[in-house]
Structure formats: C-alpha cells, structure tokens
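According to TrEMBL, the protein carries these features:
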DOMAIN    A:27-252  domain 'ABC transmembrane type-2'
TRANSMEM  A:27-48  transmembrane segment
TRANSMEM  A:60-81  transmembrane segment
TRANSMEM  A:102-128  transmembrane segment
TRANSMEM  A:140-164  transmembrane segment
TRANSMEM  A:171-191  transmembrane segment
TRANSMEM  A:228-249  transmembrane segment
C-alpha cells in the first residue's frame, strides 16, 4: 500500500471511531447542537426585543449565532483529544505506526461536521422564527465556505489545546475563551453601542470581521463585511493551530 | 546476534538535568520472558518508551527485533506490541469494536481474529457492551488482547497487573504464560517481586537509572544470604535463656524470636534440630525461611538508597 492510501485508510478508520464517539455521547451532542439553539431562543425571544439594531433581530443575530454554534462544539473536541492523550490511546496508535496525521484529522473532520450540523440546525430554527435573508445562491455558498473554513481553523486550534493540556479539565477550560469571544463581538449588538475600551477590543478580535462577513453574505450584500480580514484570521488560526498541534503531538509521549 | 530479541548497550536518557537512565545494558533472548524490576521512579517506563520508539535515547544503542530503534522505526513498530501502564482502551466503544479498530488499523481482514481473541480472553459475554462499564481486570485483558492483534513477536507489558485484584493477576499470568508457549518474547516491568519470580526467565533490578543486578531468579536469590530457621517463644524467660545459649542467633526481643542462619536443606535442618535438643531448648514455634526476591530486592535497593542519601 502506498503512503497516501495508508494515510487515507487510517483517517477513515479514525473518523469512524470519532463518529461513534459523538453519537454515543449525549452531552457532546447537547453542547454542540441543542445548546446553541437554546441560546438562540433566549437571545431572540427573550432579550432581542429590547435591542434596537435597525433590522429584524433574528436577521441581525443569525450570523453571530452561527459562529457561536461553531465555538460551542469545540469543548468536546478538546476533552476528547486530551482523553486520548492522557489515557495512552494516542501512544497505542503511535506504536502501531498509524499515520501521524490520521489521529488528528479524524478529530478535525468530526468537529467540522458537527459544526455544520449545528449551523444547519440554527438556520432551520431561524427560518421558523421568521428569518428573512436576502442572500442569493452564490451568497449562501459563500456562507457555507466561511463556516467550513472557520470550523476547520478552530478545530485545529482546539486539537492543539487538547494535546497541550495537562488534564481533561484544563483542556475543557482552554476552549472557554473561544466560547466567550462571540459575546465580545458584534454578534448580538452593534459594536457602536459599546463602551470605548470594549468597542476597540470588539473591533479588532477575529470573530467580528467573520460575523460581519457572514452578515453581509446573508443580507445579500457581501461588500458590507470585512471579507479579507475574516479570511486572513481563519487562515492564521488554522496555521497556528496546525503547527502547534503537530509539534505538541511529536513531543509528548 | 540473531538469537536476541532485544539488545541494549549504554542506554542513557535524561529529562533536563535529571538523569533517568544512567547507562544500562541488557539482552533479551528470543522466546523468553525478561522482567525489569524496580521501585516507582526507577526508570522502568522510560526504558519501555525508548524500546518501543515512543522516546529517543540520549546515548547508547538499542536494537529490537534485529532493528535499530533510531533508524528502523517502521520495522521495529511492525514487530512489537505494547500494553502500557494504564489500560489504553476506548471507553465509548464496545470490547468487540476496540478489537476491530486494531484489526482495521493493522489491516487484518479476517473476522475470526476478533472473535477468537474475545473467546480466548473470556470477554464474549461483554463483547458488545461499552468498555466504560468494564471492570479494571476486564480492561487490562482487553488491552492485552488489542496488543495481540497482528501477532507481534515481542510484547512489552508495562506493569500489567498494577491495581488488579489477586484473581485477575493470576489470569494475567496465565495469559502471559500462554503467549510464551506460542514463542512470543515478553519484556515485562513490574514492582511485584512475586510476579517476576513467577514469570521471568531473567530479571534485571533497576534502581535510580542503573541496573543493580541481573540474572535468573535463582541466581539473584543466591546473592543474598537470607535463609534462616526462626524460633519463637512465648515465655520471656525461656527466650532469654535460649538467646544466651545460642550466641550465633540474631535476636528479636519484641517478638521473642531467634534466627539461626540456614541454607534450608534437610541435612542442615536436622543438625539444627539435633543441636537444639542437645542443649535443651524447646521453642513454641519453629519456621523455615528461604530467601525470596523481596530480600534480594530490599538488600539491593537499600544500599543504593543509602548511598544516594549520603551524597
């Protein structure tokens, strides 16, 4: 067997394992898919009425809720990766000469798939609550592209954090900033309404341009977002996550 | 050399300035059980990690299954199986799925392999239950079964029975004996002397990163003069008069007992008894002690510990 087909074969075997894990762990599914929907209902039905954002609140909040749906799925990945590391499962695979990338890509792919399912659920519920996007088919494709790219990037960063953490608990904690960041962005209220200090942070953190790009695409006006900055952040996060993950993976036995 | 499954010379490993392995040499004959014995922190797991390609050595040469671990990683990995200190099983998969995962990764196509291992390790009943529900002993068995997929020629067992109840330990021992009967070479680390005594053809005692002794269990036991006849008294007066008469004996005032050196042979035991009769000593209890590996181990590791403290 050639190296590439071995790697692909190993990755498929690992992905199958990760899919079984996700299906059998109700907490993972709850955190990744139901929790974002619960938060969505809270923001739109409970809090949203009090926010004045110029447009229908569901139209305003959906892009941010998509990003939040992605970040809520990350905790499960960090703890799963760390569990493999601390329980010796990764060492077992290493000694078996399983393709280096396969163990990590399995986690990245399942996280991305979970994020896509969560986002589909958010969009579905949004439509039920009167979501009225002006996006064309091409814009929707762009939305899908941004979601996949962000999930992929955040997954690599999360895998790295899971590998580097000393325990399952600290691995779970490590993803908390990623879960908090959407709240400190323009996800739920426009940045202009915030305090100066907070606003500056909001304007320069990665999720704001990403959310604005999604917002522009969903509104059918892609020029409204900061697409270039969004893409740069995603690529940057992916590269940092990947390099960190691979080097930690090699170092820790 | 063709007949050695593992050959290690001058192996050194340090973490920062903490020396963990300070130049160790040993050789393991193919088809034998080699046990590395040592207290916690002696460097046993580090040795296993280097031998199984998980870590690189700082110095020295390590050949496993005829290949250098530095240059022939792939060949070494193809020849070995490793069961680490903690059962590395997947809790969210069933026992059968865990074994199937290993079979898939090793590209073992036959379904019979998995079924056969489940039967051999007595895991058929729980085969389709999630491993999260397994007991410690079952996990260890499954872990070892997973290691056997692909029929490795050399198996590394890092403290395979730590934390197991006595019955599960015996089951593990039987399994190890079965593997040896099939011609597998076993490298076993343990902190239990009875385990090494029970299973190993040769034993190495590791302490503070050095091999302080190496040989067959019999050779190691002979190194330590620990055999004795123990006489216990219930009456302090009888004890004191016996102690005065038997000047060679070691006394223990607390338990009112005396130890007379003896090699444990029938002839010597008779002469001790005859002599006790002749001087009119009658103990309330007599017992015979042969040196066991505990004596050896304590004697060997105690000295170096004292040295280390003195330094």
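Here the Cβ of each residue, glycine as well, is placed from N, Cα and C on the backbone.
Long-range contacts of the transmembrane segment (A:102-128) within the same chain, counting only residues at least 6 positions beyond its ends with a Cβ under 8 Å from a Cβ of the stretch, are 7, 10-11, 13-15, 17-19, 21-22, 28, 32-33, 36-37, 40-41, 58, 62, 65-66, 69-70, 72-74, 76-77, 80-81, 84, 90, 93, 147-148, 151-152, 154-156, 158-159, 162, 245-246, 249. For the transmembrane segment (A:140-164), the partner stretch with the most Cβ pairs below 8 Å, chosen from A:27-48, A:60-81, A:171-191, is A:60-81. Note on the transmembrane segment (A:60-81): residues 18, 21-22, 25, 27-28, 31-33, 35-36, 39-40, 43-44, 48, 51, 53-54, 104, 107, 110-111, 114-115, 118-119, 121-123, 126, 131, 133, 143, 147, 150-151, 154-155, 158-159, 161-163, 165, 168, 171-172, 174-176, 178-179, 181-182, 185-188, 207, 210-212, 214-215, 218 of its chain, located 6 or more positions outside it, place their CB under 8 angstroms from a CB of the stretch.
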